[in-house]
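First up is the structure itself, then whatever we jot down about it.
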Amino acid sequence: MELVTEGLVASGGEELKRFVHFDVIRDGCGRERGRRRLSSRARSEAGVESAIRGWGERDRRLGREEIGPRPAETGLGGLISGGADVAVAGMGREDVGLPLLLSPSCGPSSCIVVVAEDPKADDESGHPWNAQNAGAAAVLVANSIDEPLLTMDTPEESKDEGYIEKIIIPSALVNQAFGEALKKAIEKVTEEVIVKLDWRESMPHPDEIVEYEFWTNSNDECGIRCDEQMNFVKNFKGHAQVLEKTGFTQFTPHYGYLERVAAPQIVSSQAPLGVINQQNKIEQPEELRKQLKQLRAADVDGVMVDVWWGIVEGKGPKEYDWSGYRSLFQMVKEEALKLQCIMSFHQCGGNIGDVDNIPIPKWIREIGEINPDIYYTNRRRVRNPECLSIGVDNQPLFHGRTAVELYSDYMKSFRENMSDFLDVCLITDIEVGLGPAGELRYPSYPRNQGWVFPGMGEFQCYDKYFQADFKETATKAGHHEWDLPNDAGEYNDMPNSTKFFGLNGTYLQEEGQFFLTWYSNKLIKHGNQILETANQAFLGCNLKLAAKVSGIHWWYRADSHAAELTAGYYNLKVRDGYRPLARMLSRHNAILNFTCVEMRNSEHIEEAKSAPEELVQQVFSAAWREEIEVACENALNRYDRKAYNQILKSVRPNFGNQNESVKHRVAAMTYLRLSDELLRKKNFRIFKIFVRKMHADQDYCPDPEKYFNPMKPVERSKPEMSLENILEATKPIEPFPFDADRNMTVGGDLDDFADFMHDFFDRLVSVLK
């Protein structure tokens, strides 16, 4: 029996219309073809039976031993040549019955032919990869529904990209009618069924060559969409080469470069620290609503809010009162803004920029009066009641609960009581408070204890729980005689004035290195444990978890990096102190939020050896190397163009670079802070320009997809990482280059002069009135 595609005749002389199109095997499996899949996803290269079984009545006798070698030539030129035979192999599966054909040119023992129906997503029997592994020379797939055959469709995201580029056998897609006719012909006859697939007939091009043009980007500035395009080109390249061998197709790629048309970045503004007062009410609600409207008019995406532990659970253990925050969240929702919520387990007051005083819960402070070792403690035994010490993370000192359980219960209650806001995706981020000012660090430079810039700070590990832990750890390491440092100076000392941080100081000796490793490891373990509880609390919610790392930029150019070391960041020229933090965060798919992006090196006194620009570059690079997202904040209130321009340089460090692929960008920036000063005429005018630049000069769009920042349900944290694995990331690696586009600015000196003249005439007019 002979079946052909044009003027097709079957037994009985029934004429069939032309219905065969050669579908370009762009991604081989798992792609969306309209609303249907061409074939199933391949989950494993293993498990494909090498023996090919025959399922047709006359083919059941075929077994592995009867199958000859695979033809040497598998390209279309050898198997499909101007109306030649099509050899299609079975899928190598014994548990699936599929009709078989034999190719007469190969003989009955060399090429087995199967008509495979387009399988469902969970059926792997029809995968061309399985067929190829089983020895197939080609694959013919019949569509499972009656629809036009589509080519050049957009591939979906798939885990099968690795298989796609390995599939070298030719494959053809035929419509449902032809597939059914072919299967019926196989069932009815005993002689060989020959399919002549003359697919040139379906190509209307006058020179009998179908030309396909690919338009894609050579960079990835547009995020995941560019990644999809580049993966497609990579995976399809081999198939295109096979198809072009026939002389009937030609594929021409066209690469564009996204120049200054990048994806926008999310911009939020931090709400006033005391937006919810200690009476659990919105402070000046009418004024706040007016401010939120102004933010929305400036195209700001959302606001960040501290959700203070001391307010919500202030009345007693597990006596949560979310009423004030529910009112605030409802107001934010009504003004069409998004929310980033900080689980603030620290006090407000005592840090840079703190203008309000909101302590941790009173009942916690009452426990601290009896047992002051629940607080961080410096060498002189001065306590810091800003937050609980890491030393009590797992101590059941709080009415039977540990500190970790306090944080966990709080976050679970938040989810339960804010479920309606979570369900409508009002809340996009949960930043988990991990220490003073909500940051993952030790309170090494507290203003309320007399610290002033650029003091190097003090170690904060002298409470009884820390002391016991260190002694136990040192004893296990064979050094019972080692103790916590007593030569590291005080808050406002200069590093070189101390024995610990001075030339050839203790920090370079074995004992000092042991201490610094232990001190920084405690911080990593703390962050890991609290983020684990946060992951459990918000599992399945459409939001992202985040953690903040402090921008301690002073003494960065000193050999000892003293200010970073006292804060718990064991960062030296020979040791990366930030990539281990990023690796730990990657386990929880958490965003790394970093501060001081508005600062320039030249703005600080030389004595401080400050280098915020290099610090930002190092920390961002650490996060990107660990493949996690980066967000950022300004550390100080700034309203000037120089600060905004520095932020733009930091958040899009390679924007406009024509010489290399633009890969790394900050996902979101939160501006510190919403205030009357920000909303003053000149300041707000510049701020609106900044927001516009952050949005890549595009109009506001509330859809996260447009930011290439889709919201996905929180997934369970990855398996526990060993500390050894995390510390492998301490090996220094050169940071990614920062080569900002100088055109991405809010203006310069001339614009400042124009602002001055504008303000001068405004004042003049007001006087004359």
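Cβ atoms are placed via backbone N, Cα and C, with glycine included.
Bear in mind that TrEMBL entries carry predicted annotations, made automatically and left uncurated.
Feature annotation from TrEMBL assigns active site, proton donor to E439. The active site, proton acceptor feature in TrEMBL is assigned to E633. Annotated substrate binding site per TrEMBL: D306, H346, D354, K548, H553, T595, N634, A635, R673, in sequence order. Positions annotated as domain 'PA' by TrEMBL: 128-182. Annotation source TrEMBL lists domain 'Vacuolar sorting receptor thioredoxin-like' at 210-257.
Sequence features, as recorded in TrEMBL, placed on the structure.
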residue	record	DSSP class
D306	substrate binding site	strand
E439	active site, proton donor	strand
H553	substrate binding site	coil
E633	active site, proton acceptor	strand
R673	substrate binding site	coil
Cβ neighbour count within 10 Å of D306 (substrate binding site): 25
Set of same-chain residues at least 6 away whose C-beta sits under 8 angstroms from N634 (substrate binding site): T595, C596, V597, E598, A643, I647, Y671, L672
Around the Cβ of R673 (substrate binding site), the count of other Cβ atoms that are within 10 Å: 20
Arithmetic mean of per-residue pLDDT over the domain 'PA' (128-182): 62
Cβ neighbours of the residue listed as 'active site, proton donor' where a neighbour is any other Cβ within 10 Å: 24
Neighbour tally for E633 (active site, proton acceptor), based on other Cβ positions within 10 Å of its Cβ: 22
Residues that sit under 8 angstroms from H553 (substrate binding site) by C-beta distance, when 6+ apart in the chain: C596, M599, H604, S610, A611, P612, L615
E439 (active site, proton donor) versus E633 (active site, proton acceptor) - Cα distance in angstrom: 12
Distance [Cα-Cα, Å, rounded] between R673 (substrate binding site) and E439 (active site, proton donor): 17
E439 (active site, proton donor) versus D306 (substrate binding site) - Cα distance in angstrom: 13
